[in-house]
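J.: According to TrEMBL:
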| type | residues | note |
| --- | --- | --- |
| COMPBIAS | 327-338 | compositional bias 'Basic and acidic residues' |
| DOMAIN | 41-283 | domain 'Rhodopsin' |
| REGION | 320-361 | region 'Disordered' |
| TRANSMEM | 24-45 | transmembrane segment |
| TRANSMEM | 57-78 | transmembrane segment |
| TRANSMEM | 110-132 | transmembrane segment |
| TRANSMEM | 144-169 | transmembrane segment |
| TRANSMEM | 189-209 | transmembrane segment |
| TRANSMEM | 221-245 | transmembrane segment |
| TRANSMEM | 257-278 | transmembrane segment |
Amino acid sequence: MSRCAAALKLPPSQVSTDFIGDQFVNTAIGFMVAQTVLVALRYYARTLRKMPLGADDFLLPFAALFSYGQQSIAIIMVKRGGVGHRIEYNCVHQPQVLPTFAKLQISNTLTLTVGIALAKLTILQLFLRIFVTKVYRYATYTVMAVQVACMIMVIVMTFVQCTPFAYIWEPQKHPHGHCIDKNAFWRWGNFPQVLTDIAILVLPLPALCALKLSTRDKVGVIVTFCTGGIGLVTSVVRFAMFFAIDGQADAGWQAVPLGSISIAETSVYVFAACLPSYRTFFSNSMRRFGTSAGGSAPRGKPALYGSNKSHELRNLDKSSRNGFSRLTHDDEKKREWASEDELVGNGGRGRGDTGLRSIQL
């Protein structure tokens, strides 16, 4: 508020009228549209394969919903919270937006935190549908527990960051109020996200690297299951930006770059939860290409990339130590071959534990 007091003493000509709020609005709308398209495509892809719904299918809409909430709050911040203007401008010309902005920051923190957590849990739930071996499942449950704990921690800290709580938006009414170091909270509060991102990226690698496939096919499978790690990029960028920028010095102005990367982070996690399902579209294209090029894949058993050799992706061979088993010819007759991106195991039942169970992405 000291900057507000100083701003009120400035002549009007020295009060900056610069405005960058449109950048924030455009970012929010852009990710909102992209997210809608990508989430819709994910469910369309799964509908094409007539796949049964899993827990990840129920978690993803809630993750997207909180992401939409964050994007909507960004737009309201610009329209009603003075975001995009310098603090001096808000203090002189529209002081009523300051409490509104402070309250919207609380809502933004909550939607950001819950949205990221739900998107990551969606990705981890996909891993649980795949992993059968206890060590992989326990590792996945551990990462999920850490993610939930981080979410709860941030939510609690959001409500106890200032004493009294109302000091956040009306400090003039609480002269003895105080807050924690908000910059430190935002900076280090994001660090656990980086760690869980690394875990999500690394978690499926041991089992997938053990696959006895051609290099091309192995890379394809690994890339499919490691798309969940793309959130690491935005998480690291956001972590670095909060150290490079003092978000409290001119909160309404700095909310544009910091808020934009936060929107991107949440949305990218939602994107990451959708990406594995898109192999359906790619596989259909490759199947048509392979058939038109003279591929000899039997009806109902399409070849990958026009090559019968790539059919090995569906019959992932491994020893019991590494986590896969090969289907017999009789086993193949018992199931519908829907796509080459189906990883097949015996589900850890009847023939001993395996690392992965059958799944269609």
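Backbone N, Cα and C define each Cβ position, glycine as well.
Nobody curates TrEMBL annotations by hand; they come from automatic prediction.
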J.: With the transmembrane segment (144-169) as the reference, find which of 110-132, 189-209, 221-245, 257-278 contributes the most Cβ pairs under 8 Å.
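T.: Going through each listed stretch, the top one turns out to be 110-132.
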J.: Please report, as numbers and ranges, the same-chain residues at least 6 past the borders of the transmembrane segment (57-78) whose CB is under 8 Å from any CB of it.
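T.: The answer is 21-22, 24-25, 27-29, 31-32, 35, 39, 42-43, 46, 84, 101, 104, 107-108, 111-112, 114-115, 118-119, 121-122, 125, 255, 259, 262-263, 266-267, 269-270, 273-274.
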J.: Residue list, the transmembrane segment (257-278) vs rest of chain: Cβ under 8 Å, 6 or more residues beyond ends.
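T.: Distant Cβ neighbours of the transmembrane segment (257-278) are 23-24, 27-28, 31, 34-35, 38-39, 41-42, 45-46, 56, 60, 63-64, 66-67, 70-71, 74, 77, 83, 108, 111-112, 115-116, 119-120, 122-123, 126, 186, 193, 224-225, 227-231, 233-235, 237-238, 241-242, 245, 247, 341, 361.
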J.: What residues elsewhere in the chain lie close to the transmembrane segment (221-245), defined as a C-beta under 8 angstroms and at least 6 residues from its ends?
T.: 116, 119-120, 123-124, 126-127, 130, 183, 186-187, 190-191, 193-194, 197-198, 200-202, 204-205, 208-209, 211, 213, 254, 257-258, 261-262, 264-265, 268-269, 271-273, 275-276, 279, 313, 341, 343, 361
J.: Please average pLDDT over the domain 'Rhodopsin' (41-283) for the predicted structure.
T.: 89
